[in-house]
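Read through the structure below, which is laid out as structure tokens, and then see the notes.
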Amino acid sequence: MAAFSKYVTGKNSSIAGGILLVLYLLKRRRGTQKRNGKKGGSEVVQNEKDGKKDRAAVDKVFFGRIFQILRIMVPQFFSMETGYLALIAAMLVARTYCDVWMIQNGTMIESGIISRDSALFKKHFYSYIKVIPAIALVNNFLKLGLFELKLRFRERLTKNLYDQYLQGFTYYKMGNLDNRIANPDQLLTQDVEKFCNSVVDLYSNLSKPLLDICLYIYKLTTAIGAQGPTVMMTYLLVSGMFLTRMRRPMGKMTVTEQRYEGEYRFVNSRLITNSEEIAFYNGNEREKLTIHSTFKKLVDHLHQFIFFRFSMGFVDSMIAKYLATVVGYLVVSRPFLTPGHSRHLTSTHSELLEDYYQSGRMLLRLSQALGRIVLAGREMTRLSGFTSRITELMKVLKDLNSGKYVRTMVSQNEKDSDASQKLVLVPGSGNVINRDNIIKFDHTPLATPNGDVLIKDLSFEVSSGTNVLVCGPNGCGKSSLFRVLGELWPLFGGSLTKPERGKLFYVPQRPYMTLGSLRDQVIYPDTYEDQQRKGISDQVLKEYLDNVQLGHILDREGSWDCVQDWMDVLSGGEKQRMAMARLFYHKPQFAILDECTSAVSVDVEDFIYSHCRTVGITLFTVSHRKSLWKHHEFYLHMDGRGNYEFKPITEETVEFGS
């Protein structure tokens with residue numbers, strides 16, 4: 001036992017512990033891969049899909065993605081971004097030369113102190129004091145360049161993504177048609193910021209060590225020969241390849257972390273958006289379970305990520321920091337500890353000391369630079385996670401803007417008869433024809449984006465001046481019809497003849513109140529400049545409000561430019577009437593009224609419908625009120641089982657509703 005205990009030292013225990021930790025990590029990773037491989041059936045398909053989507057590693061694909069995004073952030077050679085890149089590079093070079101000068105000057109100051117040479121000490125001491133402002137200026141110019149470059153990269157990338165996101169109805173399609181991106185707000189805000197910060201930090205953290213390595217290799221080669229720097233560079237290559245292999249899971253972990261963060265933000269924003277409905281249901285306990293469940297999923301993943309980073313931090317510190325210093329000591333000591341080395345055959349003790357200080361410090365800086373290069377691989381692996389998410393968003397935006405979307409489709413084989421199996425649904429295969437004063441469905445299948453067929457063959461025609469009442473049970477396809485009319489959903493066949501988008505107006509049951517002034521609520525989505533260009537005065541806007549009995553709001557607020565939280569200030573009925581005033585302002589050829597007068601009195605409702613007929617607005621109305629039948633010439637009834645009828649309203653027509 002005593003013979004064994006002499007080997008149990010702190011040094012040997014640390015080495016053994018490090019080896020065991022590395023072996024444990026390798027075994028744990030292999031076990032995880034085996035468990036993932038044993039999952040069967042549909043889960044394997046899903047995991048393969050996720051694996052392809054979440055692929056995040058430092059490889060050829062990663063560098064291709066980075067250059068694709070860099071072309072957006074640096075659009076041309078002569079730009080402010082290029083200027084800041086050049087400024088950062090110049091300041092890094094300047095700081096490297098400052099470091100070399102500080103080493104040489106510091107060595108001379110210490111030499112003067114040790115040799116008691118007052119003149120030598122004062123000369124280099126005062127030189128140091130003189131250059132302090134210049135060194136401080138270099139450091140702060142470097143910080144200025146880094147902060148400005150991060151902000152400009154974020155500005156460029158954010159504007160580019162939002163230009164695509166808000167092009168047409170892409171923002172709607174991403175959340176309602178395509179199911180590849182779950183939380184675009186997370187990607188457009190936090191992920192873009194983290195990506196830009198990570199890119200600039202990596203540029204800085206790689207450029208400075210590379211400059212240091214080049215400069216110190218040159219200096220050391222002239223001082224101690226080429227063998228020392230060659231050994232250090234060999235160590236860099238070997239350790240870098242090993243650590244890059246070990247860090248591979250970090251990219252995918254970063255992708256997963258950001259996805260869980262997005263889900264956690266989504267359930268919290270959903271609680272705020274639907275707080276009134278949840279309060280009426282006393283659903284706080286149920287919502288707490290949902291939020292805690294989502295948060296626990298995030299926390300569990302972060303615990304795993306923290307342990308992985310702790311483990312990799314131990315390995316990184318050992319290899320990139322301490323072992324690099326050990327190699328540096330071995331290299332720098334060789335000329336001094338070899339008795340017959342030609343460099344120091346005639347050197348005095350003072351010269352040996354000065355040479356060791358200068359060469360040793362340069363080699364120490366070289367080893368530190370090599371360590372930073374190796375550790376920069378960790379930042380690059382994390383950057384690959386953000387890069388994967390940003391490029392996935394760019395790909396989805398490009399697909400949606402070109403009319404393509406990806407969604408899980410309903411299997412018609414399980415749902416319907418032999419006839420429906422022959423119905424091949426191809427999104428976007430229908431033909432949209434823009435023509436004024438007519439809406440015509442010609443053998444058009446009415447289907448949801450996931451392929452759920454509501455009506456196999458829809459055909460009817462409505463001309464301007466002919467109001468249509470759309471009725472039927474919930475889920476029969478009334479809202480789906482209007483989404484197709486508004487070009488929010490794709491056509492799966494046939495043809496649709498309709499006016500352009502701007503000549504078709506939709507008024508929902510819960511109208512949208514924008515952020516802005518009272519005027520903005522009436523003219524939305526127009527701006528004040530658009531109102532002036534149309535030649536519509538504020539007095540005309542006042543008449544629109546009076547027509548829907550909202551003139552008192554202008555009197556109460558005192559000005560068209562008054563800004564309020566109109567979603568809270570206006571009641572449900574006032575918001576519906578404000579939406580009708582908005583309809584009068586735009587005067588479209590056709591308007592879709594989706595239960596938009598449910599909170600309005602019958603007399604105001606009669607005036608609204610009469611006024612629409614007077615100004616030439618043709619209406620498609622969804623309502624269950626019997627009082628509205630008299631304002632329409634045709635009705636479109638859907639029974640919810642795939643059948644419909646489009647007929648004129650006559651005295652014999654049986655009116656239904658409340």
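Any Cβ shown, glycine's included, is placed from N, Cα and C.
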Stretch carrying transmembrane segment according to TrEMBL (options 76-103, 216-243, 300-327): 216-243
Matching range for TrEMBL feature annotation, transmembrane segment, among 6-26, 573-593: 6-26
Mean per-residue pLDDT computed across the domain 'ABC transporter' (433-658): 88
